[in-house]
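A.B. asks: Below is one structure. I have some questions about it.
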Amino acid sequence: MSNTEQTQRVTPASSGTLLPLLETLPGALFVVNDAAMIVYANASTQALLGVTREDVLGKPLWRGAPQLVSTALYQAVQQTRQTQAPSEVEYVSPMTRTWLHVQLAPTMGGLMVQVHQGRAAARRGAPVPQGKRLSIEDLNGLYSRIGVLTPEGIVLEINEDPLAEAGVRREEVIGQPLAEARWWSCTPASQEQLCAAIARASKGETVRFETVISPREGLDRHLEIAITPHRDADHHIAYLIIAGIDITERKRAEAEIHSLIDTIPQLVWTMRPDDSHYSCNQRWHDYTGMSPEEAQGEGWMQCLHPEDRQRVRSAWQHAVQTGGVYETELRLRLHTTGEYRWFLARALPVRDERGQIIKWFGTNTDIEEQKQAEEALRQSQERASVLMNSNIIGINIIEGEQIVDANDTFLRMTGYSREDLCKGRMNWLHMTAPDDLARTLEAHQELVTQQSLTPYEKEYVCKDGSCLPVLVGGIILEHHPHQAIGFVLDNSARKELEQRKDDFISMASHELRNPLTALKLHTTLLHRQLAKQGLQGSAPTLSSMETQINKVTRLVEELLDVSKIQAGRLEYVWETADLDALLREITNTMQQTHPSHRILVRGAVQTSLMADRDRLGQVFINLLSNAVKYSPSAEAVEMDLSASAESVTIRVQDHGLGIPREQRDKIFERFYRTADPKQRAIPGLGMGLYIVAEIVKRHKGTITVDSAVGKGSTFTVTLPKKRDA
Ligand code: ADP
C-alpha cells in the first residue's frame with residue numbers, strides 16, 4: 001500500500017468527526033503505516049517538532065520526528081505491531097531531554113502514536129519492562145562512542161562524545177541512517193564497510209571491524225567498532241548496539257613502532273603461536289619480496305634455503321612447544337638476485353598477564369659477512385694446519401729466545417720431543433751453531449724491524465749434538481708482535497751435494513795442476529832446445545801452445561783458489577807492498593798480453609800497504625782483463641788511482657757492455673755469470689770476481705760496481721792504508 005493511499009484511507013474518516021477531534025487533541029498525534037512512515041500528523045505536532053506537519057508527512061517516523069526517537073519508543077513500536085495491542089512508554093527524549101509519555105495503538109495497517117510532553121504519566125497498559133529498557137546514560141563512560149541503531153541502521157540513540165567531536169546537533173543525527181552521517185562516511189569505502197556490518201549484525205551476528213572516520217575536517221579517528229544485535233522476547237532482532245573504541249592513539253603508537261621497526265637493520269617479524277598472523281617489517285618484504293599474505297602460515301618458509309627448511313621447522317616447533325628462545329641460523333633468498341644469505345634468526349615469546357604466549361617477536365640478522373669471515377678463517381686454519389702438519393717444512397713459533405710451539409717435522413729434524421718443547425727446553429739461541437750465531441742474530445733483527453725475514457742458511461745444533469744445515473725464513477704476525485713464526489727446511493741434502501761438488505772441484509784442480517806444470521816445463525825446455533839447435537820453424541806453434549797452457553793453468557789456479565776460499569784455506573803472505581809499483585807492473589804486462597786496448601793509468605796512490613802482493617795483483621789483473629773482455633768494441637780501459645789520509649782508491653773503468661742493475665750484487669757470487677747472451681758469448685766461468693771480492697775483503701777493503709748498460713762499468717776498490725789487527 002502506498003503512502004498516498006494510506007493517507008487517503010485515514011482522510012475520509014477524518015472528514016467526519018474524527019479529524020476535527022484529532023486536530024483538537026492537546027498532545028501531538030501521528031499515524032504511521034507499516035513501514036513506520038508518517039501518514040498523518042495533527043496540529044499539535046508542529047509545536048513538538050518545530051516544523052509544519054506537511055514537512056513530516058511521508059517521512060519515516062524516526063526521521064520526521066527525531067525529538068521522539070529513543071530505543072524505548074522503537075521497542076514499543078515493534079511490540080505494538082507484533083501484539084496488535086495498545087501500549088505506552090515513558091522516557092526522556094535523548095534529543096530534547098524532555099519527559100515524554102507516548103501511547104501507541106494499532107490501527108488498520110498502521111499505528112497511532114500519541115505524544116504527551118513534560119509530565120509523568122500514570123502507568124497503564126503494558127510498558128516496556130524496565131530491565132529491557134535501554135538508556136544511553138547506562139553505557140556512557142564505558143565506551144567513547146555508543147549508539148543504538150534500528151536493524152536498518154537508523155540512529156535511535158547516540159551519546160554525547162561523537163556529536164561534540166563532530167560539532168553536530170543531536171537532531172541532525174537521530175532518526176538518520178548512521179551510514180549517511182557525513183562525519184562517519186568520509187569515504188565510500190568506510191560507508192560500504194559500515195552498511196555491510198549493519199546488514200550482518202541485523203541477521204544476528206556480532207560484527208567487529210576497524211575503520212577510520214573523519215568527525216571534522218583534518219581530524220581522523222581510528223575506531224574499533226563492535227555491532228551487537230539485541231533480540232526481543234520473540235528472538236527477533238530488536239535493535240543494534242554500536243560501540244566504538246577510539247584506537248587512534250594505539251594505531252599511532254603502532255605506526256610509530258612500525259616505522260621504528262622499519263628502521264632497524266634486521267628483518268623483524270611477529271607470529272602467533274599457532275603460526276597465524278605473520279607480520280613483518282618493510283625490510284623483510286623488501287628482502288624476500290613476499291607479501292604479508294604469502295608469508296602467512298608456513299608461507300615464509302618458501303624463502304628459506306631448501307636444505308634449511310626441515311631444521312628450521314624443527315627449531316621453531318621446539319621453541320613453540322617449550323616456550324623457550326628460538327634461535328637458529330638459516331639462509332634466506334634475496335628475491336632481487338635469487339642468492340641466499342645467512343641470517344641469525346632469534347625470537348622471544350611475548351606473554352600476556354596470565355603468562356600465555358600471545359605472540360612471538362622475532363628478528364633475522366644478516367650474518368653473511370660474518371659467515372664468510374668464519375668460512376675464510378676455517379679455510380685458512382685448515383690450510384695452516386695442513387702446512388703445520390706437512391712433513392716437508394719445519395715450523396716453530398718463538399717468543400723471545402724460547403721456542404714455544406713447533407710442528408712434528410721441526411721436532412723430528414732437531415731430535416727434540418714434544419715434552420722438551422712443553423718444558424721449555426728449546427732455546428733457539430742455544431740451538432744455533434756458534435759459527436752462525438752472528439748471522440742468526442742479524443736475521444732476528446731483520447725479522448723484528450721488517451716483520452719478515454729473507455731466507456738464510458744456518459746450522460742447528462740438534463739434541464744429540466749433531467749439526468743440521470737448514471734454510472730458515474720467518475715472519476711476525478701483525479696481531480702477535482711478540483711472536484715470530486719460523487719456517488725451516490732441511491738443507492742437508494743440498495749441502496752435501498754442494499760439498500761433493502766442492503770436493504770434486506778441489507780434487508780435479510789438484511789433479512789437473514800437476515800434469516799442467518809438467519806440460520808447461522816440458523814445453524819451455526823444448527822451446528829452448530829447438531832454439532839452441534837453430535830450429536826456429538816450430539817456435540810460433542810452441543808459443544801458441546804455451547799461451548794455451550797458461551790459460552788453462554790460470555783457470556785451474558782459479559778453481560783451486562775458489563775451492564780454497566770455500567774451505568777457508570786460501571793462504572796469504574803478508575808483506576809491505578808498494579802499490580804504485582805493483583800496479584805499474586801489472587798494467588805493463590797486461591798491455592802486452594792485451595794489445596787490443598790501450599790501458600791508461602791516471603794518478604798514483606804513493607802508498608805502501610800491508611798486503612799479499614800476488615793476491616792483490618790478482619785483483620787488478622782480474623778487473624783489467626774483465627774490462628778488456630767485456631768491452632770488445634772499445635779501444636781503451638782506464639785505471640784511476642787516488643788516495644786519502646785513510647785509504648787508497650783504485651778505479652777500473654771500461655766503455656763496454658755494462659751490467660744490469662739487478663745483477664750487480666750477484667756478479668760477486670761464486671760461478672755467477674750474467675744471463676745476457678752478449679756476455680755469455682764471451683768465455684768465462686764466473687770465478688774471477690768471487691776471488692777478487694774475497695781477496696779485497698781479506699785486505700779489509702771494499703769493492704763496488706757502478707755501471708750503465710751499453711755504456712760501461714766502473715769497479716771501485718778501496719783499501720785502508722792501515723790495517724787494524
Ligand atoms: P767471468 O769469468 O764470467 O768473467 P767474473 O767473476 O769475472 O767471471 O765475472 C762475473 C760476471 O760479471 C761475468 O760473467 C760478466 O757477466 C760480469 N762482468 C764482470 N766484469 C764485467 C765488466 N767489466 N763489464 C760487464 N760485465 C762484467
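Heads up, the Cβ atoms here are built off N, Cα and C, so glycines get one too.
Grabbed the feature section from TrEMBL, which reads as follows:
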- 14-59: domain 'PAS' (DOMAIN)
- 207-259: domain 'PAC' (DOMAIN)
- 253-323: domain 'PAS' (DOMAIN)
- 326-379: domain 'PAC' (DOMAIN)
- 399-451: domain 'PAS' (DOMAIN)
- 507-723: domain 'Histidine kinase' (DOMAIN)
A.B. asks: Using DSSP, how many residues of the domain 'PAC' (207-259) fall into helix, strand and coil, respectively?
C.D. replies: 12 helix, 33 strand, 8 coil
A.B. asks: Averaged over the domain 'PAC' (326-379), what pLDDT does the predicted model reach?
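C.D. replies: 90, rounded to a whole number.
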A.B. asks: Per DSSP, what is the residue count of the domain 'PAC' (326-379) in each of helix, strand and coil?
C.D. replies: 12 helix, 30 strand, 12 coil
A.B. asks: What are the DSSP helix/strand/coil residue counts across the domain 'PAS' (399-451)?
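C.D. replies: Output for the domain 'PAS' (399-451) reads 29 helix, 8 strand, 16 coil.
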